[in-house]
Amino acid sequence: MRTKNEKSPLKAFMKQRRMGLNDFIQKIATNSSYACKHSEVQSILNISPPQEPELLNENSSPPPSPSQQINLGPSSNPHAKPSDFQFLKIIGKGSFGKVLLARHNADEKFYAVKVLQKKAILKKKEEKHIMSERNVLLKNVKHPFLVGLHFSFQTTSRLYFILDYINGGELFYHLQRERCFLEPRARFYAAEIASALGYLHSLNIVYRDLKPENILLDSQGHIILTDFGLCKENIEPNGTTSTFCGTPEYLAPEVLHKQPYDRTVDWWCLGAVLYEMLYGLPPFYSRNTAEMYDNILNKPLQLKPNITNSARNLLEGLLQKDRTKRIGAKNDFMEIKNHMFFSPINWDDLINKKITPPFNPNVSGPSDLQHFDPEFTEEPVPNSIGQSPDSILITASIKEAAEAFMGFSYAPPMESYL
């Protein structure tokens, strides 16, 4: 009787045939002058580019073949690929991948690189949200409190966002450590957040996912909003949308009611975050999600007396259950900006970062990871993330992934490159 470790002659023969077939298909896939030009071979491999016009738009580009590098700028610039970077540490995780601290080999600058698995995105049918995130990131470059995208590219299996590296820690981390903030500190953060939201609204973008985990502090202590996967584009000032999305603790009543909602949903979330900064928990929090939803819909807002009248008035206006009566419903950001709670704020100085932040994260440099969770930073970086394979076996799933993210890659103009 054969043991489990013994291989039958038939198995050895089949393995040899499979290896030979893989080599043959790789040659076909990576050599445009090879038999791939034959229509029957194309049909069998199913790697012809899609012809449906609805899959393309004026900004789209064909999906890259496995041997094709992504051009990040004019022809004088190098093509982007994972091996252009040294991936140093994992600094965050999400549903579809990881965020890593990386150093660019050419200029030795540090970036946060968001690496997403295409298969995971397609499995959950989230490709539209990922492309929306990329589109919003492209518009962020002109605002100081929004994370910036330097460029993006893709391999056959992954998407790469090359982002500003922000290492002052999540607002969530600092709230957990300190429990709550004094009113001047909460006001400063709320003002910078409101400024960022107002800018997004001016571009007809609704953020929809404001929460302490998506609010970062930079190395000086200024606010930076990140994670734009739930943003909704093309929402005019009086426009609405109806997708049920967000984080339970911060959902507005109209979202829970599954009613059409508008940009005032972001002002509700600002109220929830401001409340949490002042009191230590979201306004209608319960460990029981169903009870928390009922609280959001029906429970009156309860404010303890340890805040000023202006803070109380602002929270009551932001956490108004009727969105048509909510502060910001008429004149959006201008209503928030002109509220008496923010009277100590010089908004021109704020936007120009001339106001000294109330808290300094005291980071010594890019390699200072004290404000990141050790659960992430102590995990080994997978070697595959930084590899740029010269060729890869094309499968139907890889072809589907390439088509789903056409137009993802982005390079800035030459003068702003890196």
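Placement of Cβ uses the backbone N, Cα and C atoms for every residue, glycine included.
According to Swiss-Prot, the protein carries these features:
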REGION    50-78  region 'Disordered'
COMPBIAS  68-78  compositional bias 'Polar residues'
DOMAIN    85-342  domain 'Protein kinase'
BINDING   ILE91, GLY92, LYS93, GLY94, SER95, PHE96, GLY97, LYS98, VAL99, LYS114  ATP binding site
ACT_SITE  ASP209  active site, proton acceptor
DOMAIN    343-418  domain 'AGC-kinase C-terminal'
GLY97 (ATP binding site) - helix vs strand vs coil (DSSP): strand
Long-range Cβ environment of VAL99 (ATP binding site), under 8 Å and at least 6 residues apart: ILE90, ILE91, GLY92, LYS93, ALA112, VAL113, LYS114, VAL115
For the domain 'AGC-kinase C-terminal' (343-418), the mean pLDDT of the predicted model: 74
Reduced DSSP assignment, ASP209 (active site, proton acceptor): coil
Surrounding CB atoms that lie within 10 Å of the CB of GLY97 (ATP binding site), all protein chains: 21
Integer Å distance between the CA atoms belonging to ASP209 (active site, proton acceptor) and GLY97 (ATP binding site): 19
Close in space, distant in sequence - ASP209 (active site, proton acceptor), Cβ under 8 Å, 6 or more apart: ASP227, GLY229, LEU230, CYS231, CYS245, GLY246, THR247, TYR250, CYS269
Number of other Cβ atoms within 10 Å of the Cβ of SER95 (ATP binding site) across all protein chains: 11
